[in-house]
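*Asks:* Dropping the structure in here first, questions after.
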């Protein structure tokens with residue numbers, strides 16, 4: 001009798017994706033982040049669902065409803081902080097996942113890579129709108145500043161901003177629609193993640209060497225299921241430690257002050273995971289130029305496959321490219337630091353230099369160094 005796992009239409013999909021899937025024998029812990037992102041998404045959807053049961057998307061009661069969740073709802077505080085810090089864990093995993101893709105040349109699977117970029121944009125949009133919902137000072141002013149950037153679009157900009165706001169400022173209509181979008185987007189992300197996996201399974205996974213591994217595959221279960229469970233346990237441990245010991249470590253104290261349109265906070269800044277893009281935005285004195293640089297700082301990932309000039313796929317055997325990659329990581333950390341600093345000397349010039357370096361590495365230095373490495377190897 002044939003195993004039902006391999007014949008039933010539903011279990012067959014699960015079997016071919018998570019059990020009998022042929023996987024490279026040498027993929028390292030850097031390949032764990034896909035499953036960790038799936039776990040993060042599930043945590044966010046579940047905690048978000050329970051928060052939505054008690055939250056009210058009205059300017060008069062939004063802040064109070066969040067306070068009510070933390071004070072009066074059974075274990076409401078843990079649900080709220082799991083959700084807030086879960087977003088941080090989500091972005092840590094995202095950045096490491098994208099970094100792995102850049103380092104090992106996984107971007108050569110262009111369909112998978114492009115859906116990944118779409119997912120990144122969707123998660124960033126979701127996180128931004130979620131940050132607005134508690135209706136604290138940073139929620140209100142963050143929403144005002146970021147949505148206002150659209151007014152830089154020639155001709156239609158002002159109308160577009162007022163259309164998104166649902167009025168002439170960030171108000172009740174804005175909060176209500178942001179809540180609606182924040183609720184629906186994770187389900188769209190889930191569907192996109194399924195398509196991401198679909199395209200990945202068309203080609204099979206890449207591996208650290210960047211060499212095709214068709215001749216040496218092992219079943220996903222039990223080898224990588226065990227490995228993923230270990231990663232999941234470490235992720236949950238880190239999240240639990242963060243939630244129980246320092247839940248406000250990554251948040252902004254200003255968000256404990258109810259939103260007040262008449263009082264601007266001294267330093268308006270987004271959550272830590274947007275600071276690198278915010279620094280790039282601020283480093284350009286022109287509004288439209290800043291917005292374009294902001295968008296392109298993420299969209300640049302889409303042209304990475306076109307800029308791949310190396311004869312090797314992975315950076316595993318390319319020390320010069322490795323040096324450039326880690327310079328890029330250091331540059332992004334510098335941008336993250338600058339994004340959280342006030343707009344004054346010397347932070348302005350450091351931010352501008354770091355922004356130039358970011359685009360220089362990806363657009364100019366990486367392709368040139370790859371060609372030099374090809375010549376050094378006489379390829």
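Just so you know, the numbers here start at 1 and follow the chain as drawn.
Using N, Cα and C of the backbone, Cβ positions are placed for all residues, glycine too.
Annotation source Swiss-Prot lists heme b b562 binding site at 83, 182. Annotated heme b b566 binding site per Swiss-Prot: 97, 196, in sequence order. According to Swiss-Prot, the ubiquinone binding site annotation covers 201, on the basis of similarity to another entry. Among the features that Swiss-Prot reports, transmembrane segment is placed at 33-53, 77-98, 113-133, 178-198, 226-246, 288-308, 320-340, 347-367, with the record citing similarity to another entry.
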*Asks:* Output the single range from 33-53, 77-98, 113-133, 288-308, 347-367 maximising the number of Cβ pairs under 8 Å to the transmembrane segment (320-340).
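*Replies:* Most contacts with the transmembrane segment (320-340): 347-367.
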*Asks:* Are there 3 or more C-beta pairs under 8 Å linking the transmembrane segment (77-98) with the transmembrane segment (226-246), counting only pairs at least 6 apart in sequence?
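*Replies:* Between the transmembrane segment (226-246) and the transmembrane segment (77-98), contact is present.
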*Asks:* What does DSSP assign residue 83 (heme b b562 binding site), in three states?
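*Replies:* Once the DSSP labels are grouped into three classes, residue 83 (heme b b562 binding site) ends up as helix.
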*Asks:* In sequence order, which residues at least six apart in the same chain have a CB under 8 Å from the CB of residue 83 (heme b b562 binding site)?
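*Replies:* Spatial neighbours, sequence-distant, of residue 83 (heme b b562 binding site): 44, 47, 48, 51.
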*Asks:* Among all protein chains shown, how many Cβ atoms are found within 10 Å of the Cβ of residue 201 (ubiquinone binding site), not counting that one?
*Replies:* 14
*Asks:* Here's one to test understanding: among the binding-site residues 97, 196, 201, whose C-alpha is closest in space to the C-alpha of residue 182 (heme b b562 binding site)?
*Replies:* 196
